[in-house]
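**Student:** This is the structure I have questions about; it appears just below.
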Amino acid sequence: MGLEIGAVIIPWYGLFIVLGIAAGMILGFLLIRINHMKFDDFIQIVCFVGLGAMIGAKLLYLAVSWKSIDFSRITDLEYLNALMGGGFVFYGGLIGGLIGLYLCGKILHIPVMDYARVAVPVIPLAHAFGRIGCAFVGCCYGVPYDGPGAVVYTESIAAPTGVPLFPVQAVEAAGNLVIVAVLCLYGGICRRNGKRAESLQLYLAMYAVFRFVLEFVRYDDSERGLLLGLSTSQWISIVICSSLFLHVKRYKKPDRSL
């Protein structure tokens, strides 16, 4: 499944991942330039974050999908290549990326949080492209649904064929673009008012709530793990929101008014 150019077939998912990275780099360049920061430092941060994200996304996928892995074939290079080449979980990538961000600051002594506050819209923008790729190939599919916008796959790497499904990938892509707009608007307002933008926290809160709700219309339960009726991503969303709440409560300035 892919874009055919002569004898060459470019996989849809890979194509949109590349487009997402390109769009993210362009947006990152613009945001860094507007805020008069060093693009060289941004590139170094991207390398650390990107590597951490890839490792984290794969590790979480393996953790939630271990029951479906045929460990007896793990020495089969073809099977191992397919296993390592496909299957990534966004939240694992997000966690791995944050670890990469921390390591970058420690190793290269770059003020990474300043860059994160400015460039965090890059994440939902790239993510939106990734979800469009998911929609094309049929992974991360939605529940059976025959209402407006329903999607029916005639062929897919994961989704059931011939069954109307909720377009959850398209909804998540659109939601990520809305998050991009909100973050850019918020960052611009803070910059004009001379205030420090807490854009990373805002992004984490918005996406965690959005993802928690979206999980109810995802249908690939067996591939993502379930505990007490909630998916792995929903539990991670709960942890993120709880952590942000405690962070805000801890650092909230006391009211000194009489």
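Note that Cβ sites are derived from N, Cα and C of the backbone, with glycine treated the same way.
Small disclaimer: the values here were computed from a predicted structure and weren't measured.
Below are the features I grabbed from TrEMBL:
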type	residues	note
TRANSMEM	12-30	transmembrane segment
TRANSMEM	42-63	transmembrane segment
TRANSMEM	83-104	transmembrane segment
TRANSMEM	125-145	transmembrane segment
TRANSMEM	165-188	transmembrane segment
TRANSMEM	200-219	transmembrane segment
TRANSMEM	225-248	transmembrane segment
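Let's see these features in context: how buried, what's close, how far.
**Tutor:** Residues 1-3, 39, 42, 46, 119, 121-123, 125-130, 132-134, 136-137, 139, 180 of the same chain lie 6 or more positions beyond the ends of the transmembrane segment (12-30) yet place their CB under 8 Å from a CB of it.
The list of residues near the transmembrane segment (83-104) in space but at least 6 beyond its ends in sequence, with Cβ under 8 angstroms from a Cβ of it, reads 44-45, 48-65, 69, 74, 110, 112, 116, 123, 127, 130, 211, 224, 232-233, 236.
Outside the transmembrane segment (125-145), and at least 6 residues removed from its termini, the chain residues within Cβ reach (under 8 Å) are 1, 11-17, 19-21, 23-24, 27, 90, 151, 153, 155-160, 163-170, 172-174, 176-177, 180, 217-220.
The list of residues near the transmembrane segment (225-248) in space but at least 6 beyond its ends in sequence, with Cβ under 8 angstroms from a Cβ of it, reads 60, 63-65, 89-91, 95, 201, 204-205, 208-209, 211-212, 215, 218.
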**Student:** Using a Cβ-Cβ cut-off of under 8 Å, list the residues of the same chain that are 6+ residues beyond the ends of the transmembrane segment (200-219) and lie near it.
**Tutor:** 91, 113, 116-117, 120-121, 123-124, 140-145, 165-166, 168, 171-172, 175-176, 179, 182-183, 186, 230-231, 233-234, 236-238, 240-241, 244, 247-248
